[in-house]
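Please read the structure below before turning to the comments.
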Amino acid sequence: MISVNGLEYASKIAVAGLRKHKMEFDLIYTSLLLRAHQTVDVIANGMNYSNLPVRCHWRLNERHYGNLTGYNKREMADKFGEEQIQIWRRSYDVLPPKIVPENPFYCKIRNNPKFKNIPEDIFPDTESLKEVIARVLPLWECDIMKEVLKGSRVLVVAHGTVVRALIKHIDGIGEKEITELNIPNSVPCVFEYDLKTCKRVNKMQYLADEEYVKKEQEKVAKIGDYTTGKMI
């Protein structure tokens, strides 16, 4: 479930940015997670969308943090050290420990009826950014981009690591450079495509004040600013 602050961010930052730049959409993609659906509801209400199609897919679910799932980031940093936590959080291909049955979220994840269509052989026990990219790309390339290149104006409401995965792919960011990319919470970013050439045009644009974006990026980079956050 998204926090009260999260809902407020979605309304004051995401909706405000979309409305200010007069963005319009034909279709929304999002994950199977409740907090993503709540964000979609806030955006749909704020943009006065009543019948906009919403496609929910497990490939857009947030990254699986393995056995760190459900634990406070500050607590995990105190236990394993901030350097190790930052490696697990930010590195391209270093996996956190796999989730074990003793983890209080193990059964909730494995038995969640929303996840029943995830093939057993690819149901994750832990993920790094590398695995998230491999999970997300089939949906991006075979579904979302097909809609974009048909002329559909598509809004993707996704989680932080999924957004990093998509930006890495779209902008061709290197494995080292992506570790330094911080996504500001609730700030929409825009990618535009030429429908004739099927190629990107213009640079990615954040729909928020530059100083605010910088401040939020710095906040995301610091473990200490997430003392109440859950790695799930």
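Here the Cβ of each residue, glycine as well, is placed from N, Cα and C on the backbone.
The feature substrate binding site is assigned by TrEMBL to Arg35, Glu62, Arg63, His64, Tyr65, Lys73, Arg89, Arg90. Residues annotated as site 'Transition state stabilizer' in TrEMBL: His159.
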The rounded CA-CA distance in Å from Tyr65 (substrate binding site) to His159 (site 'Transition state stabilizer') is 13
All chains considered, the count of other Cβ atoms within 10 Å of the Cβ of His64 (substrate binding site) is 24
Counting across all protein chains, other CB atoms within 10 angstroms of the CB of Lys73 (substrate binding site) number 21
All chains considered, the count of other Cβ atoms within 10 Å of the Cβ of Arg89 (substrate binding site) is 24
Quick tally, other C-beta within 10 angstroms, Arg35, Arg63, Arg90, His159; top of the recorded positions is Arg63
